[in-house]
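Undergrad: Supplied in structure tokens, the structure appears directly below.
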Amino acid sequence: MYNNNNDGGGGGSANGNTMQQRRKTTTRSRSKQQQQQQCTSENVIEKNQTNGAQNERLHFRGSSKDSALSTPLLPRSRSTTSAINSPSPLCCNGGLSILNCCRDVNCHLNAPLRGSVESSRSRRSESRQSSLTATPTTTPKQASPSPTISERSRSCSGSRSRSCSCDGRLVDCHKHSAAAAAASTAAPQFTVNLSIDLFSWTLFLLAFCTRFYKLATPPHIVFDELHYGKYIAHYMRNIFFFDQHPPLGKQLIAGLVSLAGYDGNYTFSRIGAAYAPDVPIFWFRFIPALCGSLLAPAVYRLLLEARLHRWAAALGGLLVVLDNSLLTQSRFVLMESMLLLASTLGIACLLRFQRCRLGSFQWLCNGSAAGVLLACAGAVKYIGFLALALAGYLLCRHLWQLLYDASLTNRQLWMHALSRLLLFVGIPIAVYIGVFYVHFRTLHRAGPHDSIMTSAFQASLEGGLASITSGQPLAVVHGSQITLRHTHGRTCWLHSHAAVYPVRYKDKRGSSHQQQVTCYSFKDVNNWWIVKRPERDDLVVGEQPDVIQHGDVIQLVHGITSRALNSHDVAAPMTPQCQEVSCYIDYEIKMAGELLWRVEILNRNSEGDSWHAIKSEIRLVHESTGAALKFSGRQLPDWGFNQHEVVADRDQVHEDAIWNVEEHRYTKTQDQRERERQLLSAEMIPTKRTKLSFWAKLLELQTKMFWHGKHLQAHMYSSLPHEWPLMDKGIAYWLDSQSSAQIYLLGNVLIWYTASAGILVYATLLAFYAVRRRRLCFDVSQHEWQRFLMAGDTFFVGYMMHYLPYYFVDRTLFLHNYLPAFVFKLLLLCFVVEHLDYLLRRHCSGRGVHLVRVYRLALLLWLLAVGSVFVKFLPLSYGARKMTIEEVRRLRWKDTWDFILQKNYALN
């Protein structure tokens, strides 16, 4: 037993030695593994530090079913852990949780994956500890995902470090890892992603084909091409013109046709006149047609930015293609297609801007683009500024929502507010002013519209009034012969003639029977008056000119009849609440003349106290009654030769009481028959045309553009806003002189009526949801409710902002004024169609699922009907096909559509 015990003991000793050797081997292998892990960890950390990463992050790549790790696990720092535990509405990388996930497991959106990473890490550590304490056993390998590029580089660096450590050369490990990190850093990181949206390109091609088909047909002047063509011709010859809308659209077309060789010599005489062979008709209509083609993909993009599904966005673009009114309006030299494109793209960029991170490159680009596009919309037509107002509403609403975000500091909120002011107020103002700067720099010659502007503005232009006033005296003195012009509003000059007021008017009121004083709209010899000091008897300029100053009292003597300007307490003929103004005739009765007028210079802060020709704006106040000489705006009857009435109003502060001297000369007469030479002083004579600053020109032109729109006359095809939604009245654009072929502005009836119904459906659903949610009944998900509100803020409010203001506009309106509102109505229709599909899918389950199929089938049939109506009315959009009278009659679906037949025979 003892020997056996000794043997057993010897065996035990041998076994013990073997175990000790195994432990030593295990210890050495463990130390090697720790060194390898340390080397690999240092390599990866060094690589991350080289790339500028502050915290080590865990990246993953998602697959179709499960997500798998694509990089080795690294220990997280406390800052990383705190970042993980702080929720944020966006990913750590600033992307959206739905579309642009940062694919980072440190992001709070990937918390389930992070849990799986932690559990896998714990399992690996436990398996490593068990392998070190127990006899190693062979275990099957777990399936791992295919390695990414970063994994391959890290595994290669790890293998190199392991080979180094196994050979005992651990120092070289750092050299290899540094070289690998430098190689990875030196590798180019710039990538370009090219993606093509087939829906967008398909819509563009469809719109392009319909807009550019026979673009030069008809080769005649169509509707407002008469006016816009004249303006473009004036741009070619640098001649000043007046238009009630900003000039950007006309500038773009003028720039293009100048490149095409147009010289501006063609005279746009009347609608229907044939273009000359040298007029590039195609290039005249190119930019409107191109903008009309781009409108379809722009609407598609806007609907995508509003979070509609792709099929609904494509439906919106297709409806733009299939609407006849948008087709017609974009094929000729008209401004609406440019206006609609700029407004649509501006709102789309705004919606994307609101989702970008503050200060990022995308944030800056989208915000700047939105500001420029919305400003361009307003610089094409003033209605475009309503889109800018809509943008302001959306920005204010978004800022209001940001106030509830506790994660934003006060500084960040101020940055949000100030940046929006800069992008959506500063940029539009700069663009708008820049457009008019180009306008004034280009149009520096006098033209046919000069008389609308003030004398100072006219004198600043080459030719015209400048050629008359360039050598005339500057200061108004005793003995000056002047013409007094009504400065603001209607252009006319203070005028008198030998005719007198009737003894009694039609309303049985009596008059003074004195000589008439009127305001005449044309140059005439009876517009001349002589300035006279009351205490002097002569009417000549002395050797030392007696300059009239602010506050001086004068008399105005009519140059032809030699009678002085008078007023008294007698009611004016057309404005009884004001005093009559006349030239005094001495009938040898007790009523003496009241001939004294006080000169008040209104802009003396800039022009001085001396009365100057052209630039000084004066008010003439009657000394006896305190009433100011005023243009009343009323027209006299036949006894007054239909000239305009001039009165004296005790309410002195009024724009119509402002006058200025336009033509002026000094004369000295020895007797009343002969005029002597003019007495001119060099220091008082302008040597060149009057200088007017850019800001003075801009302010005056803006004022005139605002007032001029009120004087437009009615048109036989004008319409009222309440007639637009159901298209009660269209517009005849052009009629062929040889047949009944014509161009008539009408929309696609099916689209217009369905879109009007969509407005009512949305308003009804909004009221229904609001009441139900007040009762804590939630018929739609929170996500769908937010989309519903967003569509209302963008499309419903946009429609109302572009439509309701026309009810308060006192001017001639046409159907094409409704097109900006119609586009927003069409956008809202697309959302309503998608929302109804959502409601059916949500609430119709089981046997009711067939209702979804029925709805979609009905939608498809409706779309086919829209295409059929579009094709049916194409002859009225193109005007290229000759139609018989019967064919025209068949297209008259409403009695209010006034189509035109040959020989100007209208359908009644």
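Keep in mind that glycine also has a Cβ here, set from the backbone N, Cα and C atoms.
Feature table excerpt (Swiss-Prot):
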type: REGION; residues: 1-85; note: region 'Disordered'
type: COMPBIAS; residues: 21-31; note: compositional bias 'Basic residues'
type: COMPBIAS; residues: 39-54; note: compositional bias 'Polar residues'
type: REGION; residues: 115-160; note: region 'Disordered'
type: COMPBIAS; residues: 132-149; note: compositional bias 'Polar residues'
type: TRANSMEM; residues: 190-210; note: transmembrane segment
type: CARBOHYD; residues: Asn265; note: N-linked glycosylation site
type: TRANSMEM; residues: 279-299; note: transmembrane segment
type: TRANSMEM; residues: 311-328; note: transmembrane segment
type: TRANSMEM; residues: 331-351; note: transmembrane segment
type: TRANSMEM; residues: 370-390; note: transmembrane segment
type: TRANSMEM; residues: 418-438; note: transmembrane segment
type: DOMAIN; residues: 545-602; note: domain 'MIR 2'
type: DOMAIN; residues: 608-664; note: domain 'MIR 3'
type: TRANSMEM; residues: 749-769; note: transmembrane segment
type: TRANSMEM; residues: 788-808; note: transmembrane segment
type: TRANSMEM; residues: 813-833; note: transmembrane segment
type: TRANSMEM; residues: 857-877; note: transmembrane segment
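Could you place the listed features in the three-dimensional structure?
TA: DSSP assigns Asn265 (N-linked glycosylation site) to coil in the three-state reduction, placing it in neither a helix nor a strand.
Packing against the transmembrane segment (370-390) from elsewhere in the chain are residues 245-249, 335-336, 338-339, 342-343, 345-347, 349-350, 353, 423-424, 426-432, 435, 794, 797-798, 801-802, 805, 817, 820: each is 6 or more residues past its ends and has a CB under 8 Å from a CB in it.
Residues 319, 322-323, 725-727, 779-780, 785, 788, 791-792, 796, 799, 822, 825-826, 828-829, 831-833, 835-836, 862, 865-866, 869, 893 of the same chain, all 6+ positions outside the transmembrane segment (749-769), place their C-beta atoms under 8 angstroms from a C-beta of that stretch.
For the transmembrane segment (788-808), the list of distant contacts is 306-307, 347, 351, 383, 386-387, 389-390, 393-394, 397, 721, 724, 759, 762-763, 765-766, 769, 780, 817-818, 820-821, 824-825, 827-828, 831, 835: same-chain residues at least six beyond its ends, Cβ to Cβ under 8 Å.
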Undergrad: Return the residues near Asn265 (N-linked glycosylation site), defined as same-chain residues 6+ apart in sequence whose C-beta is under 8 angstroms from its C-beta, sorted by sequence, else 'none'.
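TA: Non-local contacts for Asn265 (N-linked glycosylation site): Ala233.
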Undergrad: Mind checking which residues reach the transmembrane segment (418-438)? Cβ under 8 Å, same chain, six or more beyond either end.
TA: 246-248, 251, 353, 358, 367-368, 370-372, 374-376, 378-379, 388, 391-392, 395, 399, 694, 698, 701
Undergrad: Using DSSP, how many residues in the domain 'MIR 2' (545-602) fall into helix, strand and coil?
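TA: Summed over the domain 'MIR 2' (545-602), the classes give 0 helix, 26 strand, 32 coil.
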Undergrad: Cβ under 8 Å to the transmembrane segment (311-328), counting only same-chain residues 6 or more beyond its ends: which ones?
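TA: For the transmembrane segment (311-328), the list is 199-200, 203, 206-207, 210-211, 292, 295-297, 299-304, 337, 340, 733, 743, 745-748, 751, 815-816, 819, 822-823, 826-827, 829-831, 833-834, 863, 866-867, 870, 873-874, 876-877.
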Undergrad: Can you tell me which recorded stretch out of 190-210, 813-833, 857-877 has the most Cβ pairs within less than 8 Å of the transmembrane segment (331-351)?
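TA: Answer, by Cβ pair count: 813-833.
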Undergrad: Take the transmembrane segment (813-833) and find every residue of the same chain, 6 or more past its ends, with a Cβ under 8 Å from one of its Cβ atoms.
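TA: For the transmembrane segment (813-833), the sequence-distant neighbours (Cβ-Cβ under 8 Å, at least 6 residues beyond its ends) are 299, 302-303, 306, 308, 312-313, 315-316, 319-320, 323, 325-326, 329, 334, 336, 339-340, 343-344, 383-384, 386-387, 715, 717-721, 724-725, 727, 729-731, 745, 747, 751-752, 754-756, 758-759, 761-762, 765, 787, 791, 794-796, 798-799, 802-803, 806, 859.
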Undergrad: Which sequence positions outside the transmembrane segment (857-877), separated from its termini by at least 6 residues, show Cβ-Cβ distances below 8 Å to it?
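TA: Contacts of the transmembrane segment (857-877) (Cβ under 8 Å, skipping residues fewer than 6 from its ends): 315, 318-319, 322-324, 327-328, 331, 741-744, 746, 748-751, 754, 833, 837, 883, 887, 891.
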Undergrad: If we skip the immediate neighbours and take only residues 6+ beyond the ends of the transmembrane segment (190-210), which ones have a Cβ under 8 Å from one of its Cβ atoms?
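TA: Those are 292-297, 300-301, 310, 313-314, 317-318, 320-321, 327, in sequence order.
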Undergrad: I'd like the per-state residue tally for the domain 'MIR 3' (608-664) from DSSP, helix first, then strand, then coil.
TA: 6 helix, 27 strand, 24 coil
